[in-house]
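J.: According to Swiss-Prot:
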BINDING   G280, I281, G282, N283, I284, N395, G399  CoA binding site
ACT_SITE  E305  active site, 5-glutamyl coenzyme A thioester intermediate
Amino acid sequence: MASPIASAALRARVKRPSMLKKLCNPEDMLQHFPNGAYIGWSGFTGVGYPKKVPTMLADHVEKNGLQGQLKYSLFVGASAGAETENRWAALDMIARRAPHQVGKNIAKGINEGRINFFDKHLSMFPVDLVYGYYTKDRQNKNLDVVCVEATEIKEDGSIVLGASVGATPELIQMADKVIIEVNTAIPSFDGLHDITFSDLPPNRKPYLIQQCRDRIGTTSVPVDPEKVVGIIECTTPDQTLPNSPADETATAIAGHLIEFFEHEVAHGRLPKNLLPLQSGIGNIANAVIGGLETSNFKNLNVWTEVIQDTFLDLFDSGKLDFATATSIRFSPTGFERFYKNWDNYYDKLLLRSQSVSNAPEIIRRLGVIGMNTPVEVDIYAHANSTNVMGSRMLNGLGGSADFLRNSKYSIMHTPSTRPSKTDAHGVSCIVPMCTHVDQTEHDLDVIVTENGLADVRGLSPRERARVIIDKCAHDVYKPILKAYFEKAEFECLRKGMGHEPHLLFNSFDMHKALVEEGSMAKVKF
């Protein structure tokens, strides 16, 4: 295949002329991906990920019938694009994956035992990578090759990332070889990043951040030019999907939270402009941010993982002063709006590595208000964020525990029920005992559903159970949960073991009823 010729757009983005000598076709990189290689990709929540090389490798496997014969250990800061990692999973190209993923095929591979998946707190993953934890059992202690999407290569050879940072600095730090995809379909993000690396103990330093807009790093990622084995032009934008619109349930949850914030301000526990907000992904998170737009709060700040379209509305309303994250995951129309109004948003946003955006040290110092959606919450305020029925992996822990363990306000918001195959309210999200625990009773302050808000700060386990059942459970499940709790309380207090009453032989009867009868509501204690 003939060597590619640099386009005018690529020449404008690559400011170090010697780098253009490494311009190549994706197919030229095939030699760097032997079976069993440990590889890394840039990207976080489906933006800023490499596209050309992963697609080339998938095409190669599909064309030559090599499914299951070219398999890799894949490390990405969080999830990459569905058309890359999800396709790899469908072609049986992933042997091992960490620390977070999104996609039906990759989840299927994990739950069928074909992919060894290890989820980890997102603040810890890049650090553990640099510690050598993920390469400790192989002769080569580094990653074999890392593919990175950039929007510019500067004169010194450092790279300007795109819509996410994630674990890219640490992946490059641990790479033997680096392939850079320069995306000319989107603007250069020069100046929008604050790049830091993870040092090893005993030489680690504190993150000297006291406000959301503080900078402690550089605007680009240093790369050893000797590591770079290929430069490829990419003309494909991130393939994101429209955001989920808020429904009545999400809007009701948002209303309860706004009322709670107003209550905390009135009692002097929050300033009038609140404290930095962290919000997860999904329609409830969107509804909360939308609720803030129509509230009386102003001069807000955001310290979070991912910024979505609703934050643009909050900026445009004049109520959001500054937002920092490790990723901006807009919908296609959101990105169009962002690029069109670049000058309005440019100095109000900052993207950091996930080891900083999710750093417990900073979250605790800033007093962040952390909000996330779980799979289920139990009556004592333990939460399950990952494993349905205790066994089926969804996406991974992500950064939920980074924030919920360390925020000033640790909030779990969830619908009170979800539908099963046969019952619109067949799954209660409030259960007697979580089938898997990611956040403990010691971490959470507030549980909120569309029915109400349970403030469990300072409450004993039995007090928590009563308020969670009363405020949060769906009407269908309130009598069921009360019956379980009252029976457990009676039996355990009678035996002198009633601090946190449980009947272990009944704790999962609701889950059993779901499996056997199609609805938790059909439980019989």
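Glycine is treated like the rest: Cβ placed from N, Cα and C.
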J.: Please list residues from the chain of G399 (CoA binding site) whose Cβ is under 8 angstroms from its Cβ, counting only those at least six apart in sequence.
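T.: Within the chain, G399 (CoA binding site) has Cβ neighbours under 8 Å at H121, L122, S123, E305, Q354, S357, N358.
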J.: Where does N283 (CoA binding site) sit in DSSP terms: helix, strand, or coil?
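T.: DSSP assigns N283 (CoA binding site) to helix.
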J.: In the structure shown, which of the binding-site residues I281, I284 has the fewest other Cβ atoms within 10 Å?
T.: I281
J.: Which of the listed binding-site residues (G280, G282) has the least company, meaning the fewest other Cβ atoms within 10 Å of its Cβ?
T.: G282
